[in-house]
Amino acid sequence: MNPELADSPFLRACRRQPVPRTPVWFMRQAGRSLPEYRAVRGGVPMLTACATPDLIVEITMQPVRRYGVDAAIFFSDIVVPLKAIGIDLDIKPGVGPVIADPIRDAAAVRTLRPIEPDDVSYVTEAVRALTGELGPTPLIGFAGAPFTLASYLIEGGPSKNHDHTKAMMYGEPHLWHALMDRLTEITLGFLRIQAAAGASALQLFDSWVGAVAPDDYREFVLPYTGRIFAGLADLGVPRIHFGVGTGELLGLLGEAGADVVGVDWRVPLDEAARRVGPGKALQGNLDPATLLAPWEVVERRAGDILARGAEAEGHVFNLGHGVLPGTDPDQLARLTDFVHRASVR
Ligand code: 1CP
C-alpha cells in the first residue's frame with residue numbers, strides 16, 4: 001500500500017492511532033444533493049449506473065473533489081450483489097429497492113447462490129481505477145448486512161416495521177437461518193472482492209437492524225455479522241459496522257467483530273464509547289437534518305461532537321445517517337473545513 005495512504009488520518013483513526021486532525025466523510029456523500037451527480041446520472045437508471053465503471057468512478061470522485069473529505073465511498077448500492085447473482089429487482093426512483101418475487105420459502109432461499117468475481121467484474125474494474133485516481137485518499141468498500149438485505153428480500157421493498165421479516169425470524173427460524181446463511185456468504189464474498197481490487201476499508205451497513213431487540217440480535221443476527229467480520233480479519237483492512245437506531249445494540253455491534261462502530265445521532269459519542277467498550281474506534285454522529293439549519297447551529301453541534309468523540313479511542317467524524325437530498329452542498333463543504341480546522345492536534 002502507498003505509504004501516504006497507509007498513514008492517512010482516516011485509516012489511522014480507524015486503527016485508533018494518533019491523528020494530526022479528525023478525519024471526516026459523509027454517508028451518502030455521493031448522490032442526490034450534488035448538482036454534478038444529477039447532471040451525470042441524467043436519464044441513467046440507478047442499477048445501470050452501478051454497473052458502469054466510468055460512472056462509478058466519476059460519481060465516487062465528485063464529493064472528494066468538492067469537499068476534500070478524508071475518504072471516498074464506492075458508488076454502488078446494497079442490492080447490487082443480489083442483482084448480480086440473478087435476483088429480479090430494481091431500484092425505483094423515490095422508493096428504493098423493489099424485489100419482483102419476495103423471498104418467503106425454502107425454494108426461494110435456494111435461488112441465492114454465492115457471488116463470484118466474474119459476476120461483478122465492473123466493481124473490480126471501478127475499484128482498481130479509483131485507487132489509482134484517489135492516490136493517498138482511502139476508498140471505502142461496502143455491503144449491506146444480512147438482516148437489512150433479508151428485510152428487502154422478504155418484504156419485497158422498503159418497510160417501516162419489517163413485519164414479514166420478523167414473522168419469519170420468530171415463526172420459521174429454520175428458514176430464517178438458511179436465508180441468513182446464504183446472505184452471509186454473498187456479503188462476505190462481495191466485500192472480499194472489493195478489498196482484493198484495492199478498497200482500503202470496508203463498511204457493513206446494517207441500516208435497519210435497530211428494529212431488533214438485543215436478545216434477538218444475539219440469536220438471529222450476531223452469528224452472521226460475526227462470521228462476516230471474522231471472514232475479513234486476514235485482509236488487515238479496517239472493518240466498520242453501522243446501523244440506525246442501534247443505541248441498545250452498540251455493544252453487540254462491536255462484539256460482532258468490527259474495528260469501528262458507527263453511531264447514529266441518538267446516542268452522544270462519549271456515552272457510545274462507554275457502551276461499545278475498549279478496543280474500538282467510533283464513527284459519527286451529526287444528525288443529518290442539522291445541515292438544514294443555519295450554519296451557526298451546525299458549527300455548535302459539530303464542535304460538541306468533536307469534544308465527545310475525543311472520549312473514544314479513535315473518532316471518524318460523519319453524520320448519524322446519510323446526507324438528506326435537500327442538503328446544500330455548501331454546508332457540507334463548510335462542515336468539512338470546520339472539522340479539519342477545529343480538530344488540529
Ligand atoms: O436514483 C437514485 O439516485 C437512487 C437513490 C440511491 C442512491 C444515490 C439509492 C437507492 N442508492 C444510492 C447509492 C448508495 N446506496 C450508496 C453510495 C453513495 C454514497 O454513500 O455516497 C450507498 C452507500 C448506499 C447504501 C444503501 N442503499 C443503504 C445503506 C445505507 C443507508 O443509507 O442506510 C440502504 C438501506 C440502501 C437501500 C436504498 N437504495 C436506494 C434507496 C433510496 C434506499 C433506501 C430505501 C429505504 O428507505 O428502505
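Using N, Cα and C of the backbone, Cβ positions are placed for all residues, glycine too.
Remember, TrEMBL labels are computer predictions, not curated facts.
Feature annotation from TrEMBL assigns domain 'Uroporphyrinogen decarboxylase (URO-D)' to 23-32, 140-156. The feature substrate binding site is assigned by TrEMBL to Arg28, Gln29, Ala30, Gly31, Arg32, Asp77, Tyr152, Ser207, His321. The site 'Transition state stabilizer' annotation in TrEMBL covers Asp77.
This view paints the features noted in TrEMBL onto the structure.
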residue: Arg28; record: substrate binding site; DSSP (3 states): coil
residue: Asp77; record: site 'Transition state stabilizer'; DSSP (3 states): coil
residue: Tyr152; record: substrate binding site; DSSP (3 states): helix
residue: His321; record: substrate binding site; DSSP (3 states): coil
Neighbour tally for Asp77 (site 'Transition state stabilizer'), based on other Cβ positions within 10 Å of its Cβ: 17
Pairwise CA distance, Tyr152 (substrate binding site) versus Asp77 (site 'Transition state stabilizer'), rounded so that it is a whole Å: 13
Site of maximum Cβ density within 10 Å, from binding-site residues Arg28, His321: His321
Least Cβ-crowded entry, counting other Cβ within 10 Å, from the binding-site residues listed as Arg32, Tyr152: Arg32
Cβ-Cβ distance under 8 Å to Ala30 (substrate binding site), same chain, at least six residues away: Tyr37, Ile59, Thr60, Gln62, Pro63, Ile73, Phe75
Alpha-carbon distance [Asp77 (site 'Transition state stabilizer'); Arg28 (substrate binding site)] in Å: 10
Site diameter for substrate, Å, by largest Cα distance between Arg28, Gln29, Ala30, Gly31, Arg32, Asp77, Tyr152, Ser207, His321: 23
Distance from Arg32 (substrate binding site) back to Asp77 (site 'Transition state stabilizer'), taken between C-alpha atoms, in Å: 13
